[in-house]
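Asks: Dumping what TrEMBL says about this protein:
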- 10, 96, 97, 98, 99: FMN binding site (BINDING)
- 4-203: domain 'Flavodoxin-like fold' (DOMAIN)
Ligand SMILES: Cc1cc2nc3c(=O)[nH]c(=O)nc-3n(C[C@H](O)[C@H](O)[C@H](O)COP(=O)(O)O)c2cc1C
């Protein structure tokens, strides 16, 4: 039994293509693996707070030396990190905003990439950084207004979503990441529908088929 953590970063409701596709991903996943649990954090509707001077001071103070106020300052970040550790699979819905991730998702990443929690830092070591999470997989569904941001596509060099997320997630130990793209939102019509269909079929390929249980007489 695994836990799936659903993260939606679009502030749009019914018009969001990433929300729709992430919803389909979760539905198919749950159908294929009914014993798995799903938890959800809605970054689009409830954006995590930006970091503050107090947060940075608290995060870079060793846990044994933190004051009660520092622990309080980090409580929300600790909750997000605990949630991440408790999850095996992440599925993220990510609108591309100005060629990168939306600020709500950046704020989430800033809350979970934590020294001493999700990565270790030893200035004396040959490799000073060690990821502290393992065994997790992530699926990222990216929505764009134009199209062709995938590797090899005409706009690939303008895509700062995938390289950034691969680096940030890899830094804490999440290296197994699949990307699904849906584009053409700004064009609408058939172009948009074709793009959604392609993304849907990728989602179907990535989600587990219903497990067949042999029943012995
Ligand atoms: C503020 C803003 C910035 C955007 N920037 C880009 C962009 O850089 N490239 C692009 O192709 N589309 C861009 N778009 C279009 C969105 O990526 C597209 O509408 C996508 O479908 C949003 O995801 P959603 O449908 O889940 O809300 C932008 C949209 C908004 C509102």
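Cβ coordinates are placed from backbone N, Cα and C, and glycine is handled just like the others.
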Asks: Have a look at the binding-site residues (10, 98) and report the one with the fewest Cβ neighbours inside 10 Å.
Replies: 98
Asks: So how far apart do the FMN binders 10, 96, 97, 98, 99 get, largest Cα to Cα in Å?
Replies: 15
Asks: Would you mind checking how many other C-beta atoms are within 10 angstroms of the C-beta on residue 97 (FMN binding site)?
Replies: 19
Asks: Determine the Cβ neighbour count for residue 96 (FMN binding site): the number of other Cβ atoms within 10 Å of its Cβ.
Replies: 24
Asks: For residue 10 (FMN binding site), name the DSSP secondary structure in the helix/strand/coil scheme.
Replies: coil
Asks: For residue 99 (FMN binding site), write down the residues of its own chain that are at least 6 apart in sequence and whose Cβ falls under 8 Å from its Cβ; none is a fine answer.
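Replies: In sequence order, 158, 159, 160, 161 meet the Cβ cut-off.
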